[in-house]
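S.K.: Please see the structure below; I have some questions.
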């Protein structure tokens, strides 16, 4: 793909995201979502591989259906109340339809089936965009409409997402699919708290974006698409592999790493809101995710490949690691001690 085309798609993604997150009118928010969808499609299908074309087709069908539901929800609300303002969503049917539409956009259970398949058909960089930037506009809409949405529906979706995200990631051998199920599991944590503390859900999303970007860029640096490839990368970049181990544990939410902060605050807030049972269930379900993160970390750093492996040993890489990877991994590991400052800012 030529640089001019890439620039146009990058600017379109920026425009679509900015339009949605800064708009008060439903039509403008919907327009931003559509620009985003159309801009990411050529990036998904640029390899012309059948799997990439299949991923692009699945993506546009699901996103078009979700966008139609967003439009239908806002029109129903405008029909009954005369309001097009995003924060004035009050009609019960509109609230229910919007919850379904945003769950489809984000990939929350039970509308999660498209996400692992689309991620598997994309490159790691496009997978990073799909897991982070493309989820920002729907999360913003969820944030703005959270007072109108039913907490019971969001909590059910959240617990199912945490359960299925952890459970279905257990048996995967492809790194992109593992990260897709990881994303579904993390979305469960955001959905469970957004009705009680929307700012905490946004903080969780920012830290999730930070850690996921670090993992995706690390995997892209070592070109690891499968666990079997990950086993042989220790000869190429031993220091990056060691840091990847810690970043994965941070994504799993282990103290004293950055990933522990949102989980700790969410469990604390849920307990204050007297839904301690939901907090206990989602905390126990995060152990499923911990297992497959440990499996990734074990393959990356602890396992030596068998002598009969079909993969050629890679030469030691003397090129310096990308600065962005270094900054993101450092932040993914060391933000917990400054959590009072983060909370004061948020």
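Cβ coordinates come from backbone N, Cα and C, glycine included.
What TrEMBL records for 23-288 is domain 'NADH:quinone oxidoreductase/Mrp antiporter transmembrane'. The feature transmembrane segment is assigned by TrEMBL to 96-115, 124-146, 152-171, 178-197, 203-222, 243-265, 277-304, 325-345. What TrEMBL records for 290-343 is domain 'NADH dehydrogenase subunit 2 C-terminal'.
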S.K.: Tell me, what is the mean pLDDT of the domain 'NADH dehydrogenase subunit 2 C-terminal' (290-343)?
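M.R.: Residues in the domain 'NADH dehydrogenase subunit 2 C-terminal' (290-343) carry a mean pLDDT of 76 in this prediction.
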S.K.: What parts of the chain pack near the transmembrane segment (325-345), using Cβ distances under 8 Å and only residues at least 6 beyond its ends?
M.R.: 203, 207, 210-211, 213-214, 217-218, 221, 240, 243-244, 246-247, 250-251, 255-261, 265
